[in-house]
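What follows is a single structure, written as structure tokens, with notes after it.
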């Protein structure tokens with residue numbers, strides 16, 4: 001009877017010994033540079049879908065971008081003239097491993113230091129421009145960063161130019177000790193001289209802007225803009241919670257929180273910053 005028919009045996013498959021070895025020989029690998037994981041929504045994104053502005057298509061998170069990428073998004077093509085490239089740190093404290101760290105940062109970013117400075121045109125408005133790059137030792141402010149920004153303000157005074165700075169920093173550069181902290185006062189004094197000359201100063205806070213940069217020139221602009229969801233603060237969240245012994249709001253130190261409390265004038269989408277900068281510079285009688 002069919003009910004008691006002997007079951008057929010399973011098909012036997014002889015393993016292919018040629019496939020033995022590393023997994024990479026069997027499973028094709030997807031190159032890491034093709035995809036990026038959004039830190040906010042955790043989605044995996046095909047990098048080409050981020051566009052030049054590097055904005056997550058799912059949650060609109062703004063990825064951190066380099067100074068060169070920021071330059072491309074902001075200024076008129078071919079208008080940027082880089083300045084003060086010959087200034088280099090002398091490692092005043094002979095801090096162990098500092099020179100090696102500097103060299104690696106230079107090779108990785110293609111920059112001489114953590115800030116790119118120069119003159120440029122934004123929709124035919126001439127400006128003195130500084131762009132900080134968090135990929136260079138977290139854009140920490142040392143003597144060279146302070147000197148370059150100070151010289152930029154001095155040049156702007158001489159040439160009657162508005163100053164526009166895109167800030168991003170982890171704070172003062174610990175490898176240079178007290179000399180890095182002195183840059184806060186040094187740059188702030190230059191900002192004051194520029195203001196006394198009746199010239200316009202615009203700051204755009206990007207993620208992250210913290211420490212001594214926040215406590216000095218980042219918050220001294222005549223108008224202060226910020227990119228959405230940028231981290232902006234002085235001390236770290238855990239330090240503050242330990243000090244005040246209170247739990248802080250989830251959005252504490254976010255750009256939107258600062259705007260709600262009067263520290264930021266406006267939150268501007270990255271794709272709209274070029275137009276906004278040009279409009280504000282022109283409105284305040286900026287460079288022609």
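Just so you know, the numbers here start at 1 and follow the chain as drawn.
Every residue, even glycine, has its Cβ placed from backbone N, Cα and C.
Summarising the environment of residue 41 (Zn(2+) binding site), the number of other Cβ atoms within 10 Å of its Cβ, over all protein chains shown, is 12. Under DSSP, residue 41 (Zn(2+) binding site) is assigned to coil, being neither helix nor strand in the three-state scheme. According to Swiss-Prot, the Zn(2+) binding site annotation covers 38, 41, 56, 59, on the basis of sequence analysis.
Marked as domain 'CoA carboxyltransferase N-terminal' by Swiss-Prot: 34-288.
Proximity of distant same-chain residues to the zinc finger (38-59), defined by a Cβ-Cβ separation under 8 Å and at least 6 residues beyond the stretch ends, is recorded for 65, 69, 72-73, 229, 270-271. The zinc finger annotation in Swiss-Prot covers 38-59.
Considering only the binding-site residues 38, 56, 59, the Cβ with the fewest other Cβ atoms within 10 Å is that of 59. Taking the mean position of the Cβ atoms of 38, 41, 56, 59 as the Zn(2+) site, the remaining residues of that chain whose Cβ falls within 8 Å of it are 39, 40, 42, 43, 45, 57, 58, 60, 61. DSSP assigns residue 56 (Zn(2+) binding site) to coil, not to a helix or a strand.
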